[in-house]
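Structure, as structure tokens:
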Amino acid sequence: MLDRRIRRKQTAGVSNVGAGGALREICNRNFNVVTLINLLVMTAYYLIFVTSTSYAREAYLASLSTAGFTAGIMVIGCLAGRFVTGNLLSFFGCRAVLLAGIVLYTASIAGFFLVDSLPWLFVQRLWAGVGVGVIGTATGTIVAYVIPQRHHGLGVSLFSMSTALALALGPFLGISLSNHISYAALMRINVGIALVCLLIFFGLAALPFMRHRHRSLFSLNSYIDPRVVRFSLVALVVCLSYGCVQAFMTSFAAVRSLSGPASLFFLLYAVAALATRPLTGRLFDTRGENVIFYPILLLTALSLIMLARAHSSWMLLLSGLVLGMGFGNFQSVGQAVSLSLVSRSRFAQATTTFFIFFDLGIGLGPYIFGFLVPTLGYDGMYQSLAFTVLAGLGLYYVLHGRLAGGGA
């Protein structure tokens, strides 16, 4: 707690820095390079994610559950990549690990053209997920190092806007392009994106020294940070809801005869997230996390209730906007909180810990709450998720909020 108070005092003068001055300090060359890499990789990731199931069913006549696993195994690979990357960053530094992640991702995406069976497709998707996990953790850690500590909240929010934008672009491009070009052509586009990322990487300037004292390969503490686990449990609970929104939107919209407007749902989600993240980031820097977390969790629960009751286009799209203002800010503020809990030498492990729980919640949500659909319907499932988010709000208060205080 003393370490956090010291860091909070260091941000006390941030309110005296104009928005333009803060942006000039944050948006340096390295910040711009890793943000662009993250945008491109995550766009390709979501593009593959939304088209994997239909491809497996058509190309290999796989069952729905087996075809769905081609997307799920990418999440598993992403978790594995995130888990090992924290320690690798300490051994080899961010630049080397980021390059290795991009090379692995490029090779695994290109490997699609060697796949001739469903098991090999699983292997290809698994390694692609590992590459995404390595890249995501490395870019997030680099951002934590290259932005001034007094602007961590705003800087992380700006960086994570690339993920929010990718979340809209990836599914939109995947669904749109798959109606006009072959899946092989779609994967060639992904290979091209990966090669562009490789070229952009060489635009990185010299990075701060990031290697730290030797850590055992066999110690769990070398990969995750125990101080971040308590807070990350909140991410696990809250992210169950977004995983279900992402996984079931297409089928939910079809049942409600809202397939047309549903294509705009994630675009409006991204618009709301992009519009509000700079504000929440600056509030975090000046007022602390509690002034943000309670409202965004309440907005997330409200959006799920609205979604459950959406029988018209305007209600569906409005729920997307509210979800963007709520959950759309959870990742950025959550990552900033995780960084505030540790010393600078543990930024990699803190980033890894938070995103492992974050991704795990998104991956588990459809499996756990999908069982409710046959008995409660989609409306019952989404209402149940709203109560789950409220439970997450209570968990946040118990595990972190009551100890965090109100701000500076």
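Using N, Cα and C of the backbone, Cβ positions are placed for all residues, glycine too.
If you check TrEMBL, you get these features:
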| type | residues | note |
| --- | --- | --- |
| DOMAIN | 30-404 | domain 'Major facilitator superfamily (MFS) profile' |
| TRANSMEM | 31-48 | transmembrane segment |
| TRANSMEM | 60-84 | transmembrane segment |
| TRANSMEM | 96-114 | transmembrane segment |
| TRANSMEM | 126-147 | transmembrane segment |
| TRANSMEM | 154-177 | transmembrane segment |
| TRANSMEM | 189-210 | transmembrane segment |
| TRANSMEM | 231-255 | transmembrane segment |
| TRANSMEM | 261-279 | transmembrane segment |
| TRANSMEM | 291-308 | transmembrane segment |
| TRANSMEM | 314-342 | transmembrane segment |
| TRANSMEM | 354-374 | transmembrane segment |
| TRANSMEM | 380-399 | transmembrane segment |
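Listed stretches 60-84, 96-114, 354-374 were compared with the transmembrane segment (314-342); the greatest number of C-beta pairs under 8 angstroms is found for 354-374.
A Cβ distance under 8 Å defines the sequence-distant neighbours of the transmembrane segment (189-210), meaning residues of its chain 6+ beyond its ends; these are 29-30, 33-34, 36-37, 40-41, 43-44, 47-48, 89-90, 93-95, 98-99, 102-103, 105-106, 109-110, 135, 141-142, 145-146, 177, 348.
Counted over residue pairs separated by six or more positions, the transmembrane segment (291-308) shares fewer than 3 Cβ pairs under 8 angstroms with the transmembrane segment (126-147), which leaves the two as not touching. Per-residue confidence over the domain 'Major facilitator superfamily (MFS) profile' (30-404) averages out at a pLDDT of 87.
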